[in-house]
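Visitor: So TrEMBL says this about it:
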COMPBIAS  347-360  compositional bias 'Low complexity'
COMPBIAS  376-388  compositional bias 'Basic and acidic residues'
COMPBIAS  389-400  compositional bias 'Basic residues'
COMPBIAS  401-422  compositional bias 'Basic and acidic residues'
COMPBIAS  437-457  compositional bias 'Basic residues'
DOMAIN    66-168  domain 'Cyclin-like'
DOMAIN    181-265  domain 'Cyclin-like'
REGION    342-457  region 'Disordered'
């Protein structure tokens, strides 16, 4: 059903409704004798709710209707088809926003749909080609033929989808009652049909009024009376006033004045600028998308937003890490969590630093406590002092020269690798290292073990 039209809601639904399956639906009465929009839906419009000002929206409506009219002339459509396309354009944008829908694509779809409704169908390719020509003429560019590339295919798909969207949003209630024939009939009643200037002037006012929203606010009979009234006043042709002639056709003076004011206001407006309107719509669309992403907690590029990102910087909030150290308390080894904070160095990088554990440079004699997976013979050497090869840290290779100039190399071979296979393999490895040490000393008996020994115990 069309939410933006009054016709689907003319009949009041009954209390019982219609039972379809196991659900009950309210009755809806469809009629085509009225296609006006209720007053409560005229303001605010969906475009106004999205932040578009009324002046810009009015310019977009005028520009869209001018595109429909110009395209219909180039496509050689009847005036009734062009009028139908403009009315559909107004109806659609009273249910949808200009920011969320491209008015140029919707104008193409309205021309294509109106040509089918008035039984003068045109191909989608012809409609796109005509709008392409109008765009080049508007920009004062060299007229070039439309290239059938991927852009053309995408535009064609968008026009087809927009046509379906118009039908869905209007509830397939696309009937438009035009006042063209009504004007001629009323002038025949007033015996003025032979005055061709009056007929043509009233017809012109009616075609110009299509750019305003009077066709979605008033009935076709009232619009016909207003056009005749305005044409007679402009040409200074007297019409019956005792009683007033428009009362015979069910129109009121207030409605006639409102329609005349809307039509005459159209002539005092500046011609809308296509590029400027596109920029304004794109700006509002960008702001709307950013507001949506912000409501979802995302950045404009779609990434998750940080909490308090305005005051975030790598220098002000360094990274922090948590690790565990082994601590011996009451004869039991326990793991205690410690927090590391990354400190910024002079070069601009960050290095881990713990506020709870001392620095190796400050405490050179500090030893790490024994880990729980070390055996008793690896933790100490019997008298409570830890052996040097029980630590996990590997000593750096150092070189030193003795007094007599000979080179001595020392390496802490007793680096214990905590093998996965267990302690048996570790003990076999130690035995092989000791036998290698004895064979080395037998080959070089003159060397001093304290100064030039290969292995340091």
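Using N, Cα and C of the backbone, Cβ positions are placed for all residues, glycine too.
Structural setting of the listed features?
Guide: The residues of the domain 'Cyclin-like' (66-168), classed with DSSP into helix (H, G, I), strand (E, B) and coil, number 72 helix, 0 strand, 31 coil.
Here the domain 'Cyclin-like' (181-265) has a mean pLDDT of 92 out of 100.
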Visitor: If you run through the domain 'Cyclin-like' (181-265) with DSSP, how many residues end up as helix, strand and coil?
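Guide: Here the numbers are 60 helix, 2 strand, 23 coil.
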